[in-house]
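The block underneath contains the structure these notes are about, expressed in structure tokens.
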Amino acid sequence: MNHTDTSPIKLRKNWNAREMQALFDERAGRTDPRIYTDEDLYQIELERVFGRSWLLLGHETQIKKPGDYTTNYMGEDPVLVVRQKDGSIAVFLNQCRHRGMRICRSDAGNAKAFTCSYHGWAYDTAGNLVNVPFEAESFPCLDKKEWSPLKARVATYKGLIFANWDHDAPDLDTYLGEAKFYMDHMLDRTEAGTEAIPGVQKWVIPCNWKLAAEQFCWDAYHAATTAHLSGILAGLPDGVELADLAPPTVGKQYRAPWGGHGSGFFIGEPDLLLAIMGPKITSYWTEGPASEKAAQRLGSVERGSKLTVEHMTVFPTCSFLLGANTVRTWHPRGPNEVEVWAFTVVDADAPDDIKEEFRRQTVRTFSAGGVFEQDDGENWVEIQHVLRGHKARSRPFNAEMSMGQTIDDDPVYPGRISNVYSDEAARGFYAQWLRMMTSSDWAALNATR
């Protein structure tokens, strides 16, 4: 049995910008495999990618009432996400300023304050230090305003909660850019918006976080192989044979001109959605009042009912799969491990039986034990296992597919558009990764636009 050692591969003490520039060659379509294994590159990622990007932290319906909270991560930093009395959301480092203990150790709940279990320092729901045991006797000069946890910027987009440590970063709306157009296919089908089905699934995969994030960014290509055959066979409704389903061929891929976001989608071919989610979800998505409402709201029948399956990554680690409606964050856990946090969203005004069907089918397909999820994870794990070898890390990976075949003036879809089977969005993903890794701050990043 293959065993993937998740200990980091230590190759060098540091990287300079010139050396990092050689890790990805967009013009040639070449990626250096060391980006998936090197510990020092990973530490730079934590600072320059995860410390400066807008990161997904959940859905607003997961914290409905004042005091409702969830615990989450931004990179490897634990954070608290808390609904405030005025309806706003606060995000702050889940770390007591006294000795660094985690302030809150629960996954979710409702609280009026948070008290560190080590020495009892207490913080309000906005992250302000409000009480210190024996303050008068032992801390006569303590300025509590100076000893609150680090607070992040918070913004939402149509129900999704994002946060950013960098106060010089562009606002979320600017950061997303035309990616919002593609996010709306899942998030804005109805004026009621979306809601998260209760529960977050969490599991660990021994692979680099970029392998997972980039697949959701560009890779419809793997769906044309036999990798998911077992999952398709398991989900076929009665009376439908595998031979009856045509492989999808009509679709497009989106790459953000700048920013690293990417998406791929199929148009007018419901067979793939039928194979993944079954007839009930397929019917809800492609015909009847819900699809008509979506077509009207999104501006075209193509976007409302014929765009049946879409994969997307908002750089760096927010990914979702429209149709299955799984939303996830790829939390890095060193260069050789990622922790997946996934939940399911549905139209808030969908009938209860449709919501239940989304829950049931997503658990069956894209969850910790999902039949499709396991196939994807097996590929990523095996790649990481192979990269333990010195020779395996010494030759570049190919990212040439559909190079030079993109357009910037599609009449319907904004951004850089190519055929659905393309590496274009992957090239955009790694181009943004490289910009962030080699830029000292957001001023330098903005200069590369």
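Residue 1 is the first one shown; counting continues down the chain.
Note: Cβ is positioned from N, Cα and C throughout, glycine not excepted.
Not measured: the values here are computed from a predicted model.
The Cβ of His119 ([2Fe-2S] cluster binding site) lies under 8 Å from the Cβ of Cys96, His98, Arg99, Met101, Pro133, each of which sits 6+ residues away along the same chain. Among the features that Swiss-Prot reports, [2Fe-2S] cluster binding site is placed at Cys96, His98, Cys116, His119, with the record citing sequence analysis.
Take the CB of His222 (Fe cation binding site) and look out to 10 A: across all protein chains shown you find 13 other CB atoms. In the three-state DSSP classification, His222 (Fe cation binding site) falls within a helix. Residues or ranges marked as Fe cation binding site by Swiss-Prot: His222, His228, Asp376.
Per Swiss-Prot, the feature domain 'Rieske' maps to 54-163; the stated evidence is sequence analysis. When DSSP labels each residue, the domain 'Rieske' (54-163) comes out as 11 helix, 46 strand, 53 coil, counted as helix, strand and coil in that order.
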Output field, [2Fe-2S] cluster shell: CB within 8 Å of site CB centroid, site Cys96, His98, Cys116, His119 dropped: Arg97, Arg99, Met101, Ile103, Tyr118, Gly120, Trp121
Residues that sit under 8 angstroms from Cys116 ([2Fe-2S] cluster binding site) by C-beta distance, when 6+ apart in the chain: Cys96, His98, Met101, Arg102, Ile103, Ala122, Tyr123
